[in-house]
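Read through the structure below, which is laid out as structure tokens, and then see the notes.
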Amino acid sequence: MTRRVIQVCNVVMEVTWLLALVSIPLYFNIYTSRVFEPDKIALFRSLVLIIGVAWLLKAVALRAAVNVTVATRANPRRVSRPPREEFLPDGEVIGPDNLPLFQRIATRPLVLPAYILTFAYIAATLISVVPGVSLWGSYDRLEGTYTFLSYVVFFLAIVFNLRERRQIERIISFILLTNVPVSIYGVMQHYKADPLPWQGDTTFRVTSTMGNAIFIAAYLIMVVPIVVYRILTTGRWLLENRANASRSNSGRARNIAFSWFGLYAFFFIFELGLFYVILNLNANYRPESTGVAQNSTQQLIDQANTAAGNSNQLVGGTSIGPIWSLPLVLLISFGIFFMFTVKRKDTDNNFLFRLGEFGCYILLLGLILAVIVFSKSRGPLAGMLVGLYILPPLLFATYKRWRWLTGWLGVGILGGVLLLLFNLPQGSTPLEPVFSTLRQNPEIARFGEFLQTEDGTGRVRRLIWQTDFELLGDTAAKDPLRLLLGHGPESMYYISPQFYQPELGWFEARNAIPDRSHNAYLDALVNTGIFGFVAYLGFVLLFFYYSVKFLRRSRRYEYRVLLACLIAGMLSHLVEIFTGIQVVSSFMMFFLFAGLVAVLGGLVQGSHASNVEATMPVPVEEKVVEKVAASSKRTRGNERVVAPARVTTVRGSSAVSGQGYFDTALLNVPESSLKVWFWTVSGAVIVLTLYFTVVINWMPIVADVAFKQGQNLFFSKRSEEAAIYYKQAASTAPTEDRYALFLGQAYVDLADKVRQADQQKKAQNQQADPNAQNQILGYLHATENELLRARDLAPLNPDHYSNLARMYGSWVTYEPTKRKELVAKQLDWYDKAVAYAPRNVRVWSEYAIALINSSRATDGSVDQAVQDHAIKTGEESVKIDRCYDFGRWVLGDIYLGAGRNDDAAIQFGYLSDLNPKELINNQRYLQRIQVMAQSKQIDQALMVQTLLKPLAPVAIQSSQIGQFTNSCLEIPRPYVTTPPTDPDKAYYNQTAGIYLFHLERLSEAEQRLNLANQLDATSAYTHAYLAAIYQKTARTDLAQKEYQKALDLSAQNTDTKVTIQGFLSNYFKA
């Protein structure tokens, strides 16, 4: 029974790690909010738990077997001696390791460094600034210490339980088979054949099953060397056996080859067809809207059904749809993949069959390379080029092909020089005519953007790295221990706001806080400190040390090529993560490569243990001899004679003899029955693991499914139903602050709906709802509770403080009698928000608005001290980011209200250059333009050019610098990145016309306003100023006509109507 249990555990472990290698790259879940990474990680964690439990039960069974061995040694009458084994170098099976546990840990390659790295993660977690997040992982990434421990268990399980070459080949086969659908799906996206309507553009940059172009390329560059390994080994076999080619092209050999080809083709077509059908099923799925919240009215239900029918969302409503479909396809695919790895009769030496395999590997390599190129990801491209370049020199040096090595190095130097020239500024090299032709192809052009750091993603990375360096410098000065041990895994999101680079707001959302450095080495420094960083580098360096060591020691072609390919794949990954992120698919491959190197070391040496003899074997058949069956002979009396030790030679063809893993793994395990306690403990462990898996791994996913449904309903204007699902998500994952935040948002929306409904009744002279105010206040108090709970769950997240401040600011409009109390709370929360995020210019500007509003009493008086505070706050916002249009707008209006018109004009001048549309932000539109026209601080000619510049958007050059553009050249102007539409052109002409009017340049003003009217005749401002021009130039009939149009067009908007009437009253008598 002991052997049977160990055998089952071995099978479970191998099947599970194969399932992980298949499912993690392929799996995603469109029914959750996050779709990709966290769902993959939850699956990976669960699979590793299965591996861990199987390994634990195997260890207990082995311990029981050891106890039996000890007992039998005490009573030699009950035992016969097992055979002595000899495992030759470069064989098919690793010999048993009988060393004590600690010696095994110390002697196995990379095991001790893995433990040291694990200790660094645990130490960083213990002193983390966010211990819970560091342990379990963040909402968006889930890459906490628990996930890292899963990687380590995955690595250790392979190192200590994989013993045969055929197991390595099986792993490689499953990886290659997995990448067939992964690659084909990427190609489908590029050619617009993806049935799933993703929100992002997956045609320009494909994302395949990873959801991110960089992630899919980062994974595939580690697969490329594995495909190359199969191509080289299969190609060598074909060269060595080309004499058999003619015999395989006819007769039974040909029929066998074509039979297998047909079977494999059927399986592939079936699998890919099944994937396509399932993707279409999910894409075309439209949710039902039955069973909504009990307190919803029938009218809401009808509206919900209508909205669902017209929805373009993949999911929504109250049903999660066919969530089972993709996991089912993965399991079916996994079963099909086994069909490709079973023993195929009469195919190993079939030249035609092996030639077909070779062609398939070439085709797969082409698909993978195409997807990498279609991803247009520079970091992975650079990593792949480095990895593929280093592969031939490794083999040339191993086989002492020094001329080939010298030639290849020369080719590499030439290619590197050409690549460098291709990356230099355009027009700076004599090869520019050739390069300009190459740049016309967008895929090739990406090879010329490796050095781009001044715009786009290159600029973003540089700014995030600057954040890291400032953070680390501050930590070194204030907390050296934390510099040594780190802030904790997944902590960057919570500590980076203090050092946020405002320029990031030019390229990303203003509330986007970086949670990764886009440099794994900096991430290691920030998260795990110097200790973790050194441990990580030590692990990597030892990987290369052992790889090269075993590469030099081996004399077997397959092992040499595989080791070289593993080095190339790891090097590709390490180059890529210099500008990328380690995600679950690539990090899993990272630890897989490390594990395979350790296993190959055992195969190359014959055994991991130094005490296993490696003497020359006696001449016996080169296969694993019969299973252990200790023979005994009775002698006189009751004594037993111990049989002499037999020799078992393990090398050569054990992998194909059918007597591989389970024979050699169990040679020294005596058969025995297991005690009852073993089965009891095993059952308890399995139940506890299942409970842990459900609660820790899958309940957050269940919560996210509910959250996704809530989001779909919320964006469909069905907040009442959305709140039900947000509540479900918050109760299922009570430690997740995001769910509480969105639940609070739903309550605010419900309060606003009640207010709008009440106002509509009053406007229609209907009886107002007497309970409306109570309902509104109830929703607001519920919002307050949820936002406070979100803050308590994540006190280092500055968004929670600013959200509370905004909530109290909105509350004033619902309950004006408590204005003083609510405004005090609003200012207090804004004060805390800028303390936690001192470089968030949006929050500073909002704080300035709140201050200036609070400075004005209901009787019209102004608190001068508060107004001065508001001015200083607005100036701080502009000081932090001189090129933020909203900050300029806020400070200009504050100056305007304080009577500092020249200062206001300067701010509006900057605003006109940065984003002219912001001038019309509210009813002060005309006042802003008039102030600029009256100011002596502004060059009028340059101001006209600035207002008209969006009509011919071009990249701003130094020769075009005006009074306001001088300090903001770098930022992408909205009117440059997006060509203006006709309404936009109308607005720009209108604004310039109004400015010219106030300069008394009436002829030019009339020309601009007429152009604006031709492009868009619906602007009340255009007609109002045309009326004023006609009135001033004594064209009364035209003036009256435009005057009436202006009044008619402004009638629907109270603020606009008041502004227009106030302006026209200066030129027309009532």
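Just so you know, glycine gets a Cβ as well, placed from its N, Cα and C.
Any TrEMBL annotation is an automated prediction that lacks curation.
Features of the protein shown, as given by TrEMBL:
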| type | residues | note |
| --- | --- | --- |
| TRANSMEM | 12-30 | transmembrane segment |
| TRANSMEM | 42-66 | transmembrane segment |
| TRANSMEM | 110-133 | transmembrane segment |
| TRANSMEM | 145-162 | transmembrane segment |
| TRANSMEM | 171-191 | transmembrane segment |
| TRANSMEM | 211-232 | transmembrane segment |
| TRANSMEM | 256-279 | transmembrane segment |
| TRANSMEM | 320-340 | transmembrane segment |
| DOMAIN | 364-537 | domain 'O-antigen ligase-related' |
| TRANSMEM | 380-397 | transmembrane segment |
| TRANSMEM | 524-545 | transmembrane segment |
| TRANSMEM | 581-604 | transmembrane segment |
| TRANSMEM | 676-699 | transmembrane segment |
| REPEAT | 1020-1053 | repeat 'TPR' |
To the transmembrane segment (380-397), which of 211-232, 256-279, 320-340 is linked by the most Cβ pairs under 8 Å?
211-232
What parts of the chain pack near the transmembrane segment (211-232), using Cβ distances under 8 Å and only residues at least 6 beyond its ends?
25, 28, 35-37, 172, 175-176, 179, 182-183, 186, 205, 357-358, 361-362, 364-365, 368-369, 371-372, 375-377, 379-381, 383-384, 387-388, 391, 561-562, 565-566, 568-570, 572-573, 576-577, 580-581, 583, 585-586, 589-590, 593
Find the member of 12-30, 171-191, 320-340, 581-604, 676-699 that has more C-beta pairs under 8 Å to the transmembrane segment (524-545) than any other listed stretch.
581-604
Would the transmembrane segment (110-133) and the transmembrane segment (42-66) count as touching if the test is at least 3 Cβ pairs under 8 Å, pairs 6 or more apart?
no
Top partner of the transmembrane segment (320-340) among 12-30, 42-66, 145-162, 171-191, 676-699 - counted as Cβ pairs under 8 Å:
12-30
Look over the recorded stretches 42-66, 145-162, 171-191, 256-279, 676-699 and say which has the most C-beta pairs under 8 A to the transmembrane segment (581-604).
145-162
Distal contacts, the transmembrane segment (676-699) - CB-CB under 8 A, six or more residues away:
42, 45-46, 49-50, 52-53, 56-57, 60-61, 64, 136, 146, 732-733
Interface check, the transmembrane segment (171-191) with the transmembrane segment (12-30), three or more C-beta pairs under 8 A:
yes
So, by DSSP, how many helix, strand and coil residues make up the repeat 'TPR' (1020-1053)?
28 helix, 0 strand, 6 coil
What is the pLDDT of the domain 'O-antigen ligase-related' (364-537) when averaged and given as a whole number?
87
